[in-house]
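Enquirer: Provided herewith is a single structure, encoded as structure tokens, for subsequent inquiry.
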Amino acid sequence: MAGFIGRRILWGALVLLLVAVITFFLSRVVPADPAAFLAGQNASEETVARIRAEHGLDQPMLLQFRDYATGLVQGDLGESIRTRRPVAQDMAQFLPATLELLLVSFAAYLVLSLSLAILAVRRPGGAMDGAVRLFTMLGTGIPVFWLGMALQFVFYYKLQWFPLGARFPIREIAPPEVTGFLLVDCLIAGNPGAFVSALQYIALPALTVVLNLLAVGTRMSRAALLAERERLYVRTARGKGLSPRQVLFGHMLRNALSPILTVTTIQFGYLLSWVILVEVIFDWPGIGLYAFQSFQVFDYSPVIALALVSTFGFVVLNLLADLLYPVIDPRVEAVTS
Amino acid sequence: MSAPAATFRAARRIDWLAMAALVVVALLAVFALMPGVVAPYDPIALDVVNRLKPPSPAHPFGTDEAGRDIFSRVIYGTRYSMGVALAIVAFAAVFGTLYGVVSGMAPRWLDNLMMRIVDMVFGFPALVLALAISAAIGRGLDSVTLALSLMWWPGFARLVRGEVLRLKTEPHVETARALGLGPVTIMWRHIVPFVMSAVNVRATTDIGYALVAVTALSFLGLGATSPTPEWGLLIRDSRPYFGSAWWYLVFPGGIVMLTATACSLLGDALDARKGA
């Protein structure tokens, strides 16, 4: 088991290194000149050259990467040309907003998708199952950005139920920053009013994420549960006289957890890669929006940093999943050790 | 209701939906191949007097901020959005299938190495790659096609490799091997034909997902540039007016959703037939 984990960690490090190499070279083969952009339109040749030298942009590509890689190991992600601050510092500032959105929406997604799948499987082919299948069928085709805009239109423009465009009302005083997670900070400050405000701001982006994940997730969880229904142990359990509820929760759900974990990992990975879209639509001040805004002004260090951070998240996520499989299904242990 | 009757009803219902999906896809093919026949207006011609008009008999989907007919723009857009989605899935299916077959047939160490590479590509954030590529070679549908093609093939590679590993132990393949046929012959004549149905199902469903991804990148401004009537770009352009002109948002988004759903339904129908 320890050897297995060691190999996985080593592999994860290798993946990160390769992602660093790829993104670095892609971003430096650009036709646009970051130094010229930074210097402004009317800058002289000398100014541009000076700025280029300052940022090491005049060095050979390999040397630039060597400096970059050395910095990476020391936690230096370079400097953002746009914000004129270290990227690591920017990322640390914007990361909690992204994590908060990810965690809140993913928790809601897990609860909802499992509940819907269970409701559907209780009587396959029944009315509830039909409704769930109709929902998953329609839901898979909705582009997430379009869904986000539609929700904005209905709940912000028409009904005016929810605010838009930040994490917290500008006119109110935000609670002192302790964790960076606004919801948690509000609770620490003992301010239920602020907590409700923050909750209102996160509601629409989170709802967008949840609805986007829900269709595919429910569909796959339902399939996993249905597959268990055909197994012999279900027949045995029924034969013993267990109620349908006991069979479903005590036996089928327990056995379907492995495939459901697989689905969950895939969904979270997908979300890591696409949460940037939701952040852009809702002006949610996370690392995705930060990287995207930098990208638009040819400032690439934040984009590389985002790639590294999301790949890191993906590697950790898969490691966690690998560790969880033997816990939920002891039979897996034999394979991994 | 007896079990066979339920199965029969289920089968009939799925067929109905698949038929509807087929009609949608056929219509899209017509739109893509002969947009001029269907579209009532020039998708690019300006008509500033009639800007942001709600749907009417003259403009069934309304008009945009330059007075262009949104219905015509959606029709002409089929070629761009669906063309790119098809290109991505075609590349991914061909390359992924070859990769998966080779990996499944290869010695164990090579198979392992090839699958680790697949894991790695899976771990790479697609959107960030798209940002990097469009930074490197410029914004446009070309860089969107390139970025998404590079990200899309591993799904096919994994699927096909799994099928190959299963097929390798099938009697007809073992017979072929016992007869002394070479690995290349076995691969082409006895393995590849049997993985194609799974690849077809996956490809059909994936066209819808690819379409959603393409429009998402265009929406972010990485893909098509104005005044190309690409669907994602239409949705992007509608953003400033979304409080006042609902039709501008609803119709282009609706066509993306309809198309993606149709692809997914067709994939399901193919899958069901494959199992039968």
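Placed from the backbone N, Cα and C atoms, the Cβ positions cover glycine too.
What TrEMBL says about a protein is an automatic prediction, not a curated fact.
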Enquirer: Looking at A:8-26, A:198-216, which one does TrEMBL call transmembrane segment?
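Expert: Of A:8-26, A:198-216, TrEMBL gives transmembrane segment for A:198-216.
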Enquirer: Report, as numbers and ranges, which residues of the same chain sit near the transmembrane segment (A:260-282): CB under 8 Å and 6 or more residues beyond its ends.
Expert: 98, 101-102, 105-106, 109-110, 114, 144-145, 148-149, 152, 164-165, 204-205, 208-209, 213, 216-217, 220-221, 224, 288-289, 291-292, 306, 310, 313-314, 317-318, 321, 324-325, 328
Enquirer: Using Cβ atoms and a strict cutoff of less than 8 Å, what residues sit near the transmembrane segment (A:302-321) while being 6 or more residues removed from its termini?
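Expert: Sequence-remote neighbours of the transmembrane segment (A:302-321) are 5, 8-9, 12, 15-16, 19-20, 23-24, 27, 72, 77-78, 80, 82, 87-88, 90-91, 95, 261-262, 264-265, 268-269, 272-273, 276, 287-288, 290-291, 294-295.
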Enquirer: Report, as numbers and ranges, every residue of the chain located at least six residues beyond the transmembrane segment (A:101-122) whose Cβ falls under 8 Å of a Cβ in that stretch; write 'none' if there are none.
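Expert: Here the qualifying positions are 128-129, 132-133, 135, 183, 202, 205-207, 209-210, 213-214, 217-218, 221-222, 224-226, 229, 244, 248, 252-253, 260, 264, 267-268, 271-272, 275, 278-279, 284, 286.
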